[in-house]
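Working notes, structure below.
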């Protein structure tokens with residue numbers, strides 16, 4: 001199979017080319033579109049790096065949700081046609097910046113190419129731990145995320161909540177409590193509605209599937225949640241669903257459910273397994289699935305709320 | 001690595017404010033304020049108890065999360081330095097919270113308001129993030145903590161929604177992201193080189209290779225961007241000067257210290273094997289320039305809050321002198337102590353000064369220094385606080401600022417690094433200049449119109465904070481031994 | 001007993017200060033302030049003889065030795081008189097009162113500070129709060145004087161901090177003044193310490209070229225404030241030199257350099273003082289000149305490894321303390337009425353500074369004899385006596401001519417004016433009680449030695465009156481400094497522009513990358529250096 | 001060329017392009033795009049490290065991959081916050097420039 | 001049998017690739033957006049269908065084959081809908 005290396009090189013060139021286009025494009029919207037394409041291509045690179053979990057995440061978030069976020073932002077900015085932008089730096093500064101960026105990139109490339117061999121790895125340790133603390137999980141990444149480095153994962157969900165609150169906080173005082181503006185201003189037409197009606201249920205199913213198999217196969221809470229979030233956004237774009245009011249108790253509970261359950265189970269670990277964020281040997285897998293279920297919920301709600309933006313309109 | 005008795009407290013020090021955030025967010029409205037205020041004594045008790053345990057055992061306190069030791073798992077570790085910083089945070093954050101009660105109360109008649117909910121939750125988030133930064137022993141975990149800190153700090157800057165503050169917040173966010181991605185790149189390289197991100201393990205394994213140098217350069221630069229060390233102070237003055245006073249106090253007093261603390265961790269704990277003379281000289285030079293440049297600009301600001309913000313730029317500069325001073329073979333312990341006393345003295349003095357600036361702006365309806373004539377008679381307590389804070393900034397006794405300068409100068413002398421005495425002394429003189437600019441007109445004979453009498457309790461909160469900054473001058477010998485607990489021996493020796 | 005009094009020296013004024021912060025107690029605390037220096041006076045009197053006493057605690061150490069005790073007693077006395085007179089009628093002003101007490105604490109404290117940190121703290125107290133005694137005002141002249149004063153005070157603090165850090169670095173065993181001074185002769189930083197110490201305390205004493213703030217300060221200050229600052233305040237610089245010059249160690253070149261600096265200051269002060277018209281300015285320049293004499297004597301003592309110079313100069317300074325304070329009061333007391341006896345008393349007081357026989361000044365002159373024993377120092381010292389007599393006669397004639405100080409009468413408390421004869425007599429006679437061997441001064445040759453320079457000076461001064469010499473602006477070199485400072489301030493906008501440019505996003509981004517690359521290059525360079533050795 | 005090496009070069013190139021865009025492009029939204037480019041370059045470095053760490057029956061080292069997933073979430077959250085700020089800034093002032101001089105012309109000493 | 005299946009696969013995938021190629025040529029060569037859209041959506045839907053058809057016999061189990069079909073169906077759905085949306089947007093833009 002000598003095609004594969006050639007394909008790899010082609011893919012690499014394509015990714016770099018699209019990235020360069022994203023930076024060089026004259027027009028804001030063109031560069032946003034370039035970035036969305038870039039996100040999808042990058043997912044392929046991740047597949048080639050034997051990272052299906054990351055590929056899933058990158059496709060869903062890098063290409064999908066971020067794409068919607070940026071396209072929406074680009075459109076809303078265009079609507080404010082008068083938005084004045086600062087002046088670009090002069091030619092000398094550009095050349096200097098380019099040279100320095102190239103130097104840093106060169107240094108990085110050199111270091112990456114001369115990484116030590118044999119490479120240090122925690123894979124053996126993870127394999128060993130899979131019998132213990134990671135009990136019953138066939139997907140080592142899920143084990144890392146929910147068990148070995150659970151503290152990171154929980155805090156990252158808190159970051160997500162802070163980001164949601166941060167996004168809400170830039171809204172107007174008078175609008176507090178209201179729902180964010182819908183993703184599309186105009187009522188969509190048949191095609192969009194049809195797409196949403198077909199795609200959303202299927203996507204929902206796939207999202208839950210990805211979460212469910214995540215314990216043993218590529219997939220997991222984040223990937224599943226991101227897919228669900230994307231489906232929710234498709235529905236919103238078709239105006240089949242509207243963003244909820246931000247003071248809705250259900251919304252708030254859904255957002256905190258993931259980290260809160262994680263935290264409670266983690267603290268309970270002190271009683272059940274003698275250690276904070278440890279799981280009792282026999283219940284590890286069900287407990288992990290339990291936590292992940294709530295994480296899926298929180299992620300699936302948080303991502304669309306981040307895209308929707310601050311509350312808009314009147315609170316009553 | 002095994003857990004020490006009482007180590008679970010470390011996790012609770014982080015989890016308590018995290019639980020506060022989640023509860024506040026779920027319950028909304030007035031609950032957020034009540035929860036934050038209720039957290040204050042708990043947080044202080046936790047920090048105090050952790051400090052007590054560290055002092056009693058004379059060794060760092062360690063907890064392994066989930067019972068799975070590094071490299072696969074994550075540990076938390078409290079040494080003298082982290083315990084000290086935690087106590088400082090546990091004093092300043094509640095003080096800011098108490099001060100902010102009037103401004104960020106949820107108004108009557110609404111269940112929840114934008115400013116109040118944001119402020120109270122973000123304040124708790126800053127606390128959680130800082131505690132994690134002080135305790136974290138895993139570089140990626142610390143990355144998450146840094147991001148938590150940034151995400152909490154940015155909305156506080158633009159909480160009043162004026163376009164200037166939005167621009168300041170945006171600039172802060174983008175530059176901070178620039179910094180965090182640089183840091184993260186370094187983390188990736190270190191993992192690629194050593195297969196672990198645990199600070200202790202890395203400290204044992206690392207050797208001076210190009211990979212390590214690259215990682216160190218990237219991580220350091222990223223952290224400097226977040227600390228706003230000159231010439232990366234692009235975001236600090238507008239952000240700190242435009243945020244509400246209580247937020248500015250926390251941002252200037254504590255938040256920039258978070259990334260500074262990580263820079264210290266990086267060089268003295270992760271990279272002790274690297275010969276440090278050259279990078280320390282670079283950091284010291286930047287710090288020295290910051291001390292002089294920031295002070296000169298502070299001399300020229302028309303508004304009190306901008307002046308105080310530029311003074312932060314200058315004072316951050318002093319902090320970085322700790323790198324050449326504490327890594328020197330002679331006088332390293334003096335330099336380390338001096339650096340920490342400077343961190344603490346500035347944290348308390350600057351928080352107090354921002355709170356006072358807030359009181360003053362509300363009382364006078366403006367904070368233009370040119371119109372201060374006679375203000376000290378109208379607001380004696382506030383100007384007393386500003387004056388005492390200024391005393392510490394100038395490095396005059398009796399104040400923590402003096403203690404810091406005294407230790408640092410002795411470290412300069414002991415290690416023969418005279419050059420660092422120039423910014424230390426010159427910056428002090430310039431600080432004298434800008435403090436004079438505030439106080440001299442205020443103490444003159446003019447008459448100002450007071451629009452609203454300040455609340456005594458708020459003035460006393462600020463005065464209390466500045467009192468701590470002064471009390472540092474009387475720190476007993478044991479305190480200096482305490483902040484040395486768990487400090488690896490000076491950088492550069494091993495290779 | 002002595003140690004209790006030693007602590008009380010600081011504790012008593014501190015207690016008054018604390019009382020000022022309670023609104024209800026404030027008027028009484030301010031009114032009874034004259035009691036605050038009393039323990040200091042007692043401690044000073046008891047400490048005049050016997051071995052030094054030390055007390056330490058809370059990280060501070062206090063120590064009293066005979067030279068310090070002499071200055072302490074005279075300072076305390078001055079503070080008692082000034083406070084008693086001042087607060088009898090002055091309306092309680094919290095700003096002023098607090099600054100007064102803080103200055104008092106510092107002024108008394110520097111004489112008893114036993115370690116570097118305490119000394120530094122108390123020295124800062126005697127320097128900085130004094131700003132509030134004359135400069136809390138919108139009056140441009142006072143604001144200028146205040147700013148100049150503060151600039152010199154802060155610069156002095158910075159220089160001293162560096163000096164003290166070096167002293168501490170040379171003495172690993174502790175930061176007690178006795179310890180660091182014992183270690184100084186062997187310290188590698190000896191030379192640097194000496195330069196910094198002279199520069200730092202020189203700023204307080206008004207040694208050339210740091211002399212310009214003094215005339216501005218005394219002109220702006222009301223009479224009682226000028227009295228305590230010129231009397232007690234400036235002596236903080238003297239005690240600093242006494243404490244921190246390694247007088248027992250032989251350092252010939254350094255000592256001679258200091259002596260030359262001292263004489264330059266002495267004659268410079270006389271020369272500029274003679275061109276002044278305003279009586280407060282004349283007194284300021286006289287102070288500058290006298291401090292020059294002290295510095296010169298200490299320099300010669302240093303060169304000769306004469307540790308006795310400390311005691312001698314303490315006495316010289318103590319005499320100056322009383323006389324100069326009394327002279328300031330004289331300006332106020334004689335502004336309204338000038339009876340003949342008062343003029344005689346004032347004349348004697350003025351000429352005491354030149355060493356007029358039978359006055360305290362004669363004793364002071366005698367005390368400096370050991371240093372100015374022979375050769376050029378002796379001639380220069382005599383010359384400076386003549387000059388002093390000239391200057392003081394000039395002062396006296398300005399005083400008598402009445403247009404000396406317009407508001408001198410109003411700013412002198414009536415009680416102080418009434419008390420003036422006692423003050424003046426005290427200043428003339430008190431030194432006799434404290435001199436080692438007053439009999440020496442009554443010998444015939446001593447009397448003659450004292451008399452002829454004074455007479456010559458008076459005669460020259462009368463000639464000088466006929467000449468019309470252009471006036472040098474008060475503060476002389478300050479005018480130049482201010483011009484330089486203004487030029488520095490003009491750089492401000494350039495810094496602002498630089499800041500605005502640096503805070504442009506592209507500049508900041510480029511800086512970030514430059515920092516990355518600089519750190520990387522620094523590291524790799526070090527790595528490259530290491531390779532051959534591995 | 002094996003995928004890790006190739007990906008390393010791609011990652012470095014992405015970081016380079018991203019840094020340039022982050023510095024030179026005046027529009028904050030495009031700075032955000034550039035930030036995301038740098039971010040994905042950094043994640044690729046993690047990916048290479050993970051791939052090189054293949055051992056013990058795993059085709060990759062799971063720890064760095066898990067970190068990438070966490071990192072992507074954080075980067076997305078940051079992007080969302082930045083977009084919200086940009087939009088609000090544009091709506092409130094009609095400007096989206098980051099130039100400090102655009103915001104300091106008016107002297108405001110008003111109370112906060 | 002297996003040779004036959006291989007032949008079928010090669011033929012179907014080859015035909016699919018041809019349609020992809022044709023669609024891409026259309027995308028590059030056609031004069032305006034509507035015609036480009038026409039070329040792209042038709043060719044891609046058919047091309048992908050043929051590729052999926054060629055891969056189905058090679059699937060390990062029926063579930064995998066089903067997945068392939070679902071993939072095709074989803075692409076059909078989204079391709080058709082987006083083509084519609086773009087078309088309408090273009091028409092609105094022309095007005």
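The backbone N, Cα and C atoms fix where each Cβ goes, and this holds for glycine too.
TrEMBL entries are annotated by machine, without manual review.
Source: prediction; values computed, not measured.
Annotated features, as they stand in TrEMBL:
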type	residues	note
DOMAIN	A:13-77	domain 'MrpA C-terminal/MbhD'
DOMAIN	A:194-302	domain 'Na+/H+ antiporter MnhB subunit-related protein'
TRANSMEM	A:6-25	transmembrane segment
TRANSMEM	A:32-49	transmembrane segment
TRANSMEM	A:55-74	transmembrane segment
TRANSMEM	A:95-113	transmembrane segment
TRANSMEM	A:158-179	transmembrane segment
TRANSMEM	A:191-215	transmembrane segment
TRANSMEM	A:221-241	transmembrane segment
TRANSMEM	A:253-272	transmembrane segment
TRANSMEM	A:287-308	transmembrane segment
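Looking at which of A:158-179, A:191-215, A:221-241, A:253-272, A:287-308 has the most CB pairs under 8 Å to the transmembrane segment (A:55-74), the answer is the stretch A:221-241.
Listed stretches A:6-25, A:32-49, A:95-113, A:158-179, A:287-308 were compared with the transmembrane segment (A:221-241); the greatest number of C-beta pairs under 8 angstroms is found for A:287-308. As a quick check, the transmembrane segment (A:191-215) and the transmembrane segment (A:287-308) clear the bar of 3 or more Cβ pairs under 8 A, pairs 6 or more apart, so the two touch. The stretch in closest packing with the transmembrane segment (A:287-308), judged by the count of Cβ pairs under 8 Å and taken from A:6-25, A:32-49, A:95-113, A:158-179, A:253-272, is A:253-272. Across the domain 'Na+/H+ antiporter MnhB subunit-related protein' (A:194-302), DSSP helix (H, G, I), strand (E, B) and coil residues number 83 helix, 0 strand, 26 coil. Spatially, the transmembrane segment (A:158-179) is adjacent to the transmembrane segment (A:253-272); three or more Cβ-Cβ distances between them are under 8 Å for residues at least 6 apart in sequence. Across the domain 'MrpA C-terminal/MbhD' (A:13-77), the prediction's mean pLDDT works out to 87. Here the transmembrane segment (A:253-272) has long-range neighbours at 150, 153-154, 157-158, 161, 164, 221, 278-280, 283, 287, 290-291, 294-299, 301-302, 305, meaning same-chain residues at least 6 beyond its ends whose C-beta is under 8 angstroms from one of its own.
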